[in-house]
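Trainee: Pulled these from TrEMBL:
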BINDING   B:C314, B:C317, B:C320, B:C374  [4Fe-4S] cluster 1 binding site
BINDING   B:C324, B:C367, B:C370  [4Fe-4S] cluster 2 binding site
DOMAIN    B:304-335  domain '4Fe-4S ferredoxin-type'
Amino acid sequence: MKVTLFATCIVDLFQSNVGKATVELLERLGCEVEFPPSQVCCGQPAYNSGYVKEAKEAMKRMIETFEHAEYIVSPSGSCAFMFREYPHVFKGDPVWEPRAQKLADKTYELTQFIVEVLGIEDVGARFEGNVTYHTSCHMTRLLGVKEPPMILLKNVKGLKFTELPGKERCCGFGGTFSVKNVAISEQMVDEKVHHVEETGAQYLVGADAACLMNIGGRMERLGKPIKVLHIAEVLNSR
Amino acid sequence: MAMKISTEKFNDRVEQGIHDSFMRGAVAGAQDGMGVKRRVVTTDELSNWEDWRNHAEEIRQHVLANLDYYLEQLSENIAQRGGHVFFAQTKEEANEYIRGVVQRKKAKKIVKSKSMVTEEISLNAMLEEEGCEVVETDLGEYILQLDDHDPPSHIVVPALHKNKEQIRDVFAQKIGYTKTSTPEELAYHARVTLREKFLEADLGITGCNFAVAETGSFCLVTNEGNADLVTALPKTQITVMGMERLVPTFEEMEVLVSMLTRSAVGQKLTSYITVLTGPREELDVDGPEEFHLVIVDNGRSDILGTEFQSILQCIRCGACINVCPVYRHIGGHSYGSIYPGPVGAVLSPLLGGYDDFKELPYASTLCGACTEVCPVKIPLHQLLHKHRQVIVEKEGKAPFSEKMLMKAFGLGAASPALYNMGSKMAPVAMNPFTVGDKISKGPGPLKAWTEIREFPAPNKERFRDWFKNREKGGE
Ligand code: SF4
């Protein structure tokens, strides 16, 4: 199966490990992965801040870049959701709305793709460690992907799972919210860090690089020994 | 009290909220407790909760689409029963009409049941100006009123930010209370004091949860029964309602009341659900001799027909507030409006203008928790996003530096070549700020980020470079 990778700008620039793990994992599961180099940012930072005009320019480039794909897969629930939102953003535009719709229809978050499209629930991974999982808001509420990451993690050998208390509560990232309202964001992420600690886990795993950057960045600043991993890295370990 | 409850800056209010550890404990406890109760009587108990939500949304949308028709029907039915109806376009008009009634009736002692719309139009201030003694009879509102008009911090639980010790102190200072801070003793004292007020009152004022167009009735939902006394004892009654708060018939009322109580307090029904129709009739044993309904527009009709119309579906249950992670940490007063939380962040700029409330749409991570619980399916996080768009594009109220940044974003992100070049330069540009693999004191927009967290240094080899090398077989 041919997969076109939408790596996201965070992964491209700051978390290349996550990108590598995603490629290797998909290949191991029998996919052929391509990465169109003309991909930019999905436009979410500008869009969510209210700069829709600016965001649309980025979105058009992304539509052009990914239009040819059979399946578009992204290791980020939030960014995948942004693609799914494109038709809504271009609503009423005779040229771009239908193109956006086609793009949206074939976009998947990584774990969603593995479970729902490939039909695989056990990727044959082995990971020794005590893990908790952060359910990102956009991925669960907006994209509606709740079960797939849980199913995949449950089948990882050696992995001990502890549920995160208050898991449905936002970590305080919220894109530009994290810098615009830093005082509030701090309180939110601190509560999240506190809950992560409560689980006694050694690893905090998530499927959204941005949330992980927020929680991880805060834990690092506070000197917490808990490691942050993207779910692709866990699923790719053997 | 008007809608705006503070003249302080948003960030200062937030600072105060964050440092009010008691309030935060109370809010978190209430959110967690109500969250569990709400889940039990919504998604757990009703397997078809989503169908209920769809139905409730449909009812509200139908009413908004036919608002003129139902308002007319309501007015006619009330008039037929001998009640008076006044349609107030502004808060001034509403207050003037009520002032007229008060003067004509020579009313001096007024009892009120809880009503947000009367807060919105600053009714109490006008009544006090008229020399009336106005007593709020909802326990929460009563506490706040005694405490020198402390503003409400929640639309359903107005005194959520106060603990029982604080309430005891207020009672001791203001009404000579000498007992302990146990809730039962406090409530008993309030009950005895308020009972006197009910008996003395010559005018009763209520809000309105839903008005029923078909019969000219209106419905009040409480847990304390105070609204029943407000409507049963005084000779004159004035009910004030937001112009959108109506339903076609009892059938729809029943659905919405159930959605309201389940979502607001996690109860299948509250202790009192009272439906009243017009003034006292010949065979009635109680009820007012004279009944006035004041329907308040105050900016609502300007929202009709706009992309914000769905906020008028709101039934003021407060569920969105009870799940909001931002409200959790800053409390109600930080919003600077009598309408806090997600519903307030959408509604306050619409009713009160962007000048006073432009920060509110940004006080959200757009996490969607509010949208998920709203019983009438208002897409709250999308409306917050629409506000941001209006602030940037129409109001031009976004900060200059942000505008420049976003312009640069538009250019950079839209051009693969620029993006490629910029991202390649990133490690070099960030080099002066990078220690090891992280940035602890970032420049520009990273400054705020790194105030509280580390930021990762850009990878020396971007993912795209790795991928390209690998394709060339160079891994
Ligand atoms: S917006 Fe929805 S959840 Fe919030 S108070 Fe109104 S009806 Fe309730």
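Each Cβ is built from the backbone N, Cα and C atoms, and glycine gets one as well.
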Trainee: Just to confirm my parser: what is the rounded mean pLDDT across the domain '4Fe-4S ferredoxin-type' (B:304-335)?
Mentor: 97
Trainee: Round to a whole number and give the Cα-to-Cα distance in Å for the pair B:C324 ([4Fe-4S] cluster 2 binding site) and B:C317 ([4Fe-4S] cluster 1 binding site).
Mentor: 13
Trainee: Would you count the other C-beta atoms found within 10 angstroms of the C-beta of B:C367 ([4Fe-4S] cluster 2 binding site) for me?
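Mentor: Around B:C367 ([4Fe-4S] cluster 2 binding site), other Cβ atoms within 10 Å: 29.
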Trainee: Neighbour count, 10 Å Cβ-Cβ cut-off, for B:C317 ([4Fe-4S] cluster 1 binding site): what number do you get?
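Mentor: Step by step: centre on the Cβ of B:C317 ([4Fe-4S] cluster 1 binding site), count other Cβ atoms within 10 Å, giving 26.
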Trainee: Calculate the distance in Å between the alpha carbons (Cα) of B:C374 ([4Fe-4S] cluster 1 binding site) and B:C367 ([4Fe-4S] cluster 2 binding site), and round it to a whole number.
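Mentor: Cα to Cα, B:C374 ([4Fe-4S] cluster 1 binding site) and B:C367 ([4Fe-4S] cluster 2 binding site) are separated by 14 Å.
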Trainee: Compute the C-alpha separation of B:C317 ([4Fe-4S] cluster 1 binding site) from B:C367 ([4Fe-4S] cluster 2 binding site), stating it in Å without decimals.
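Mentor: Here the two Cα atoms are 20 Å apart.
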Trainee: Near chain A: which of the binding-site residues B:C314, B:C317, B:C367, B:C370, B:C374 have their Cβ closer than 8 Å to one of its Cβ atoms?
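Mentor: Cβ contacts with chain A under 8 Å: B:C367.
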Trainee: Quick one, of the binding-site residues B:C314, B:C370, B:C374, which Cβ has the fewest other Cβ within 10 Å?
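Mentor: Taking B:C314, B:C370, B:C374 as the binding-site residues, the minimal 10 Å Cβ count falls on B:C314.
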Trainee: Between the Cα atoms of B:C314 ([4Fe-4S] cluster 1 binding site) and B:C370 ([4Fe-4S] cluster 2 binding site), find the distance and write it as a whole number of Å.
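Mentor: That separation, Cα to Cα, works out to 12 Å.
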Trainee: Rounded to a whole angstrom, what is the C-alpha distance between B:C367 ([4Fe-4S] cluster 2 binding site) and B:C320 ([4Fe-4S] cluster 1 binding site)?
Mentor: 12
Trainee: For a Cβ distance below 6 Å to any atom of ligand 1, name the binding-site residues from B:C320, B:C324, B:C367 that qualify, or say none.
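Mentor: Near ligand 1, sequence order: B:C320.
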Trainee: When neighbour density is defined as the number of other C-beta atoms within 10 angstroms of a residue's C-beta, which of the binding-site residues B:C320, B:C324 has the lowest density?
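Mentor: With the binding-site residues B:C320, B:C324, fewest surrounding Cβ atoms within 10 Å: B:C320.
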Trainee: If the [4Fe-4S] cluster 1 site is taken as the center of the Cβ atoms of B:C314, B:C317, B:C320, B:C374, which further residues of that chain fall within 8 Å of it by their Cβ?
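Mentor: Other same-chain residues near the [4Fe-4S] cluster 1 site: B:S263, B:I315, B:R316, B:G318, B:A319, B:P342, B:V343, B:C370, B:V373, B:P375, B:V376, B:I378, B:L380.
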